[in-house]
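S.K.: Grabbed the feature section from TrEMBL, which reads as follows:
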| type | residues | note |
| --- | --- | --- |
| BINDING | GLY50, GLU51, SER52, ARG111, ILE140, ARG141 | L-glutamine binding site |
| ACT_SITE | CYS82 | active site, nucleophile |
| ACT_SITE | HIS181 | active site, charge relay system |
| ACT_SITE | GLU183 | active site, charge relay system |
Amino acid sequence: MTAVPEIGVLALQGDVREHARALEAAGVRTRPVRRPEELERVDALVLPGGESTTMWKLARAFDLLDPLRKRIEAGMPAYGSCAGMIMLADRIRDGIEGQETVGGIDMTVRRNAFGRQVDSFESDVRLSGIGDAPYHAVFIRAPWVESVGAGVEVLGRAETGSNAGRIVAVRQGRLMATAFHPELTGDFRVHHYFADLVRRATEQED
Ligand code: GLN
């Protein structure tokens, strides 16, 4: 029995350390994952923000793409933020030539969707399942979710400006994704939500 679940952070590229810190604040153990053997050992995985094209190329070079797909198909919980959201999408728009994802969430995600003139912005978002107080979300060259399949729960939408209504947080069973970076703000409610999901999933398997 795993008393305290161990959550891997995909450590090919991106803000790995910030996620590890946020997860530890949420009461779980963490381990960087770069190789298939490391992936085998963890109970769940976070795919950080960074650059999805680089992450995809490195995942391919490190022979991680298929192991990632297999573990996700077998029910491993996973959470992706920003570039990590792109990696968990079954379909992407505005990817580079040949860009692949790991997939798992039945959604179409558009890369760099919020546009170049607003590469970064911050906005309050109400997220279902994490309490009433709005979540202060940081978006950095962020994607949005263009469409979701029937099994995907929308957890949050952009609330201001011309992009109000765009989906920015989703969950499908044990998989979740946000277009923003909850690891950067010190408000770790999203990581707590994921850690709880992982605890329930590992209890079911014990
Ligand atoms: N624009 C990046 C990409 O396509 C994502 C940005 C981020 O993770 N902050 O991967």
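Cβ atoms are placed via backbone N, Cα and C, with glycine included.
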S.K.: If you count CB neighbours within 10 Å, which one among the recorded positions ARG111, ARG141, HIS181 has the smallest count?
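M.R.: Fewest other Cβ atoms within 10 Å, among the recorded positions ARG111, ARG141, HIS181, is found for ARG141.
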S.K.: Do you see any of the active-site residues CYS82, HIS181, GLU183 whose C-alpha is within 10 Å of SER52 (L-glutamine binding site), and which ones?
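M.R.: Near SER52 (L-glutamine binding site) by Cα: CYS82.
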S.K.: For GLY50 (L-glutamine binding site), what is the tally of other C-beta atoms lying within 10 angstroms of its C-beta?
M.R.: 22
S.K.: Once the DSSP letters are reduced so that anything not helix or strand counts as coil, what is ARG111 (L-glutamine binding site)?
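M.R.: Reduced to three states, the DSSP call for ARG111 (L-glutamine binding site) is coil.
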S.K.: Where the distance is taken from Cα to Cα, which of the active-site residues CYS82, HIS181, GLU183 turns out closest to ARG141 (L-glutamine binding site)?
M.R.: CYS82
S.K.: Determine the most Cβ-crowded residue among the recorded positions CYS82, ILE140, using a 10 Å radius around each Cβ and all protein chains in the structure.
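M.R.: Answer by Cβ density within 10 Å: CYS82.
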S.K.: Rounded to a whole number, how many Å is the Cα of CYS82 (active site, nucleophile) away from the Cα of GLY50 (L-glutamine binding site)?
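M.R.: That separation, Cα to Cα, works out to 7 Å.
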